[in-house]
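Novice: So TrEMBL lists the following for this protein:
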- A:12-33: transmembrane segment (TRANSMEM)
- A:53-79: transmembrane segment (TRANSMEM)
- A:100-117: transmembrane segment (TRANSMEM)
- A:123-144: transmembrane segment (TRANSMEM)
- A:156-174: transmembrane segment (TRANSMEM)
- A:186-206: transmembrane segment (TRANSMEM)
- A:227-247: transmembrane segment (TRANSMEM)
- A:253-274: transmembrane segment (TRANSMEM)
Amino acid sequence: MSTMDVSTTLVRIFGAVFLVLAVASTIGLILKWRSGFAHPHATIDNLNARLKAWWIMIAVITAATWAGAWGVIALFALVSFQCLREYVSLAPTRKGDHRALIWSFYVFLPLQYYLIAAGWYGLFSILIPVYAFLLLPISASLGADTARFLERSAKIQWGLMICVYCLSHVPALLTLEIPDYAGRNLLLVVFLLLTVQSSDVFQYIWGKLLGRHALSKQISPSKTVEGLAGGMLSATAMGAALWWITPFSPGEAAFVALVINTLGFFGGFVLSAIKRDRGVKDWGHLIEGHGGMLDRVDSLAFSAPVFFHLLRHGWTL
Amino acid sequence: MKIERLLGAALCGLARVITGARAIHHAAQGSNPAGEPRVYYANHRSHIDFLLVWAALPPRVRRRTRPVAGADYWLASPLRRYVALSIFRAVLIDRGGTVHAAADPLAVMHAALDAGESLIVFPEGTRNVGDGLLPFKSGIFRLARSRPGLRFVPVWVENLGRVMPKGSFIPVPLLCALHFGEMLCLGDDELRSSFLNRSRDALIALAPPAA
């Protein structure tokens, strides 16, 4: 297929997304109007703040996709940077970790994204799990501070894995060589983003409409069983409906969507457990109504590597 | 004067972009009445602590607030002198034993307060390279005793010490936060040790759990 088809497809999909956003914003406005503009209403105001942020996020994603492979790689390098920043800000380190943090921010993060641009899969897949894993504790040990050494090393490694390694699998989709799909890999990124992010949105909507039974009061007080079930089913249906932009059949698309939505859900769940342990509600304050960057992409971090591997082992040569 | 104000605003903006600093107010709303001069006192981890505290204040308050800093450091070069005196209008005090011995430290602080300006002070007296908070020097008590009713606002600067620990040259881009607490005053007949402990405890209480 030609690249011409890709841009037409992208225009259609992003057009549809903007349309949905416009409808949602109108509903948000009507809700606000009916509750009274003068009176604050926690849920409706938060909904409208979220929608406003979505406009900006979708605009940024559209611009990056428009710019092509480089745009997507640069966007996710910045997303990783911000996530790692939020993560380390909340996970206390000591003075002896300074060198390891410098390596993480200024060497491993850029290098990981450079390897995607260079298409060097071999090193991309082991840079952080092997080389950062060995080098960071070495550099921390030079800080000559043994207090809670293992705990500190583990914390930094974990942050790099989630914020850089896992998230970098989104732009890495561009490097896969799938027969009869050449030149269309951007659509895989769009499929992953739409499916996983819509799952979060559907869970929110179903939870607000029908949510009765709390899923886990200790970890995520706002998540409900109804929201989870409704969100999963809706987002899986949505993934299946997008089969035509993927190398999957409709059935395969539904299966893949279910897998990545399940992982995405647990991504949010696991990172919530860390937030509760640190006594905070959000990772940051960058995105109004949503919290931090890491709050927005936690589900992506858990689903992207698995989506990548499914494709790599099931659909490439 | 214009160019200095511009430079000051630019430095504030730069510091906020690099550190992502936000002001978080822990005091009950309305308990820190605006207008009257007060003394912001903060933990001291780096040379730019005062800049972040200063940047976190609303512009109108900022223009009426001056950092109190050591003359020995800030008069040591023409650039530092310019930054301290012209951009931040710092109240420079002598920390003892230098040739730049200014007037009595209390007298210069009084002059600023009497002109209706607020102060930013670091009662630890020096940069703290460890965790937690050093014992307070008595200057804050002498200031409180000499100006009855003067209000002190605790400000905990979070994470800045981790951005660039002493001895390192490359900053790590962590997100900083400034925690503003409830203001306090010296009580009638309150003793030195009691006030120093009370103000120190109020500041520590704002700190998030440590590593």
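All positions are counted from 1 along the displayed chain.
In case you wondered, yes, glycine gets a Cβ from its N, Cα and C as well.
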Novice: Among A:123-144, A:156-174, A:253-274, point out the range having the most Cβ pairs under 8 angstroms from the transmembrane segment (A:186-206).
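Specialist: Between the stretches A:123-144, A:156-174, A:253-274, A:253-274 has the largest tally.
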Novice: Within the same chain, where does the transmembrane segment (A:253-274) have neighbours whose Cβ lies under 8 angstroms from its own Cβ atoms, ignoring anything closer than 6 residues to its ends? I mean 6 or more beyond.
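Specialist: Those are 162, 192, 195-196, 199-200, 203, 216, 219-220, 223, 228, 231-232, 235-240, 242-243, 246, 283, 294-295, 298-303, 306-307, 310, in sequence order.
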Novice: Would you mind listing the long-range same-chain contacts of the transmembrane segment (A:156-174), meaning Cβ under 8 Å and 6+ residues beyond its ends?
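Specialist: The answer is 69, 72-73, 75-76, 79-80, 83-84, 87-88, 91, 93, 97, 100-101, 104, 108-109, 112-113, 116, 121, 124, 127-129, 132-133, 136, 140, 185-186, 188-189, 192-193, 271, 294, 297, 300-302, 304-305, 307-308, 311.
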